[in-house]
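Heads up, the thing below is written out as structure tokens.
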């Protein structure tokens, strides 16, 4: 291959710039989308985790009714003493606190961990050390920072070890900094000893006592399997330990199971379904792009039949012709690769928005990604030049081809090009139907009524430090003071307090053990929240029966509760729930039901409300809380004043402020981003399929110019010519749509196994999408058909 060949190829591509641009843009979209999604797919599901022998790491949790829950600390200690399948068993508990250094106060996510935590993961600090047994046993205030927190809040100070910062209002000594890229669990920015929780629990009552065997609110176990031990054998041993503990502590453990999950599966539980769906979509888009490129390349090659035949007659060998055409295809693929990589980098932000649980850069040049991109480029190069060249040059590089002005009329070539169009339409329909399926799920989520009024609502989430708010009365005093000051702010109608803000994903799930005078098969869990008197008014949650809490409900009065309508229908279907009594595992004594309210979506819009139970905050004070404000004005305009009020009472608080609208948006963001990505791919599929139809019809008309001229000369009307061309196109497109329906049913069965809750499109919607593709095909074929019908018959008959 010489410089002359390269120069000739560049000149040809420049002269046919529209063809070149169509190929480059088509392949760039396919390469960019596939590279971006595969990089995320590899990072999340295939790339080894940044821990030593990460395949041996497992998450250990308890289950309630088959649903994973946290582990009670006493059970965790028993596991450590009884389990032999693990070389290390550690635990962690997430929490939020404000970090204050000098004048900066920032709310950060952290974790309480035991000394074996970092050893279990096989990670050592980049600076300093980890905790020792003494620091954990005594609950000393020492902290290890993440690399991100060290750089962002401490300017990567290499002399940070031994420095004291305020964490949750307590002086805390920095003893270490973890290496870049380490942030487990989730987005933890610091780690403190688990013993801090143990020490704080010495004076707490049962509902929030970390040492209570009924407390399953925080702790999650992480273990490293012993060498040669499988996860199946570990599960079997842990099941035996569960049965042993259920016999020793039947009241606390008889209804709970145990589950072991590989660490990767646990970390990607919320992202894998989105990744699987995107991977299917971009694969279909790649196939569509390759078919479209092969179609365009074939059509372009057919128009060069005389050039190829003349060069062959002048002595060019078949190999020389193939090399020249392959060179042109390689130039197009190279340009497409550059555009695709740029697009992939741009799509990184979209991928991060669609997959919020992924913590770090999803796009990375790991060697598997490079191999994948190379393979994609090879496939694109073959479709751009390889297969069409091998298939067509043998027939074109012959002496008769010098006079053959209509090679596109050959039956085999015509059938191949029409087959390309049918396949394009089939794949385009699959992408359209898949996007409509996910869009339908999003529409269903958007139409869900959350159960409370999101307009004119502001929420402020924070956590009260257990060490500084040891007494329940101090938490109650703080809440009363904050609420009274907030209600004095202009624009605030009602202020209230809750331990579980709806749609925040934060809730606790204690069990109702008994219902007075009624038999239940077994204890059942409820979504639980402790709320202030005017909470239901502030949230706009309707009262259906009885009353809500008032000032009479105090720590010294009768213990009361409000339940939701789901609870009432399920357990009091034939009696009035007002006045009935229930026994809650985290409450002392019986609770009398005084009211029934409408249900709210507590965890997310995708999970229907179950039984819910509320208690007055005056009777059960927790550290994790949220303030809710019902306003007369734009709620976001009150955020600065609300922030100032809370920090004025406690400057060490970490605060997160969201309006009711932002709460909804946060719940819908992943579904919206996924739908947007699929809709973009579907739109690209429509454009590519339309271009394919346009190119195929244009080539067919060019090959049949003389035939069209004869028909016009014999009296055929232009309208008849247009109808004939469009009718033939519709036959090809209809075959593709029929094939597309079959492919969609196959793809739907795959994506429903990956994404739970999707429902197949209705027959009417699929028919509408098919009609839309037919309209695209009609427009794409009508444009060249109209030009053909306007031909002068005499000019057409002289056409060669």
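Yeah, the Cβs are placed from backbone N, Cα and C, and that goes for glycine too.
What TrEMBL says about a protein is an automatic prediction, not a curated fact.
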TODO: Check each of the ranges 420-445, 446-471, 472-497 against TrEMBL and return the one annotated as transmembrane segment.
DONE: 420-445
TODO: Tell me which range among 302-324, 325-347, 394-416 TrEMBL lists as transmembrane segment.
DONE: 325-347
TODO: Would you please say which range out of 653-673, 674-694 has the annotation transmembrane segment in TrEMBL?
DONE: 674-694
Open item on the list: I need to check the long-range neighbours of the transmembrane segment (420-445): which residues 6 or more away from its ends have a CB within less than 8 Å of a CB in the stretch?
Closed with: 277, 280-281, 284-285, 287-288, 291-292, 294-295, 298, 605-606, 667-668, 671-672, 674-675, 678-679, 681-682, 685-686, 688-689, 692-693, 696, 729, 732-733, 735-737, 739-741, 743-744, 747-748, 751, 755, 757-761, 765-766, 769-770, 772-773, 777
Task: Tertiary contacts of the transmembrane segment (21-45), as residues 6+ beyond its ends and Cβ separation under 8 Å - done: 264, 268, 271-272, 275, 278-279, 281-283, 285-286, 288-290, 292-293, 296-297, 332-333, 335-344, 346-348, 350-351, 355, 358, 360, 362-364, 366, 368-369, 372-373, 376-377, 380, 384, 681, 684, 688, 691
Open item on the list: Looking only at the domain 'MacB-like periplasmic core' (21-239), what is the model's average confidence as pLDDT?
Closed with: 85
- [ ] For the transmembrane segment (674-694), find every same-chain residue at least 6 residues outside the stretch whose CB is under 8 Å from a CB in it, and list them.
- [x] 22, 26, 29, 33, 274, 277-278, 281-282, 284-285, 288-289, 291-292, 295-296, 350, 354, 420-421, 424-425, 427-428, 431-432, 434-435, 438-439, 442, 729, 733, 772-773, 776-777, 779-781, 783-784
Open item on the list: Cβ under 8 Å, sequence separation of at least 6 from the ends of the transmembrane segment (277-296): give me the contacting residues as numbers and ranges.
Closed with: 19, 22-23, 26-27, 29-30, 33-34, 37-38, 40-41, 354, 376, 379-380, 383-384, 387-388, 417, 420-421, 423-424, 427-428, 430-431, 434-435, 438, 674, 677-678, 681, 684-685, 688-689, 691-692, 695-696, 747, 750-751, 754-755
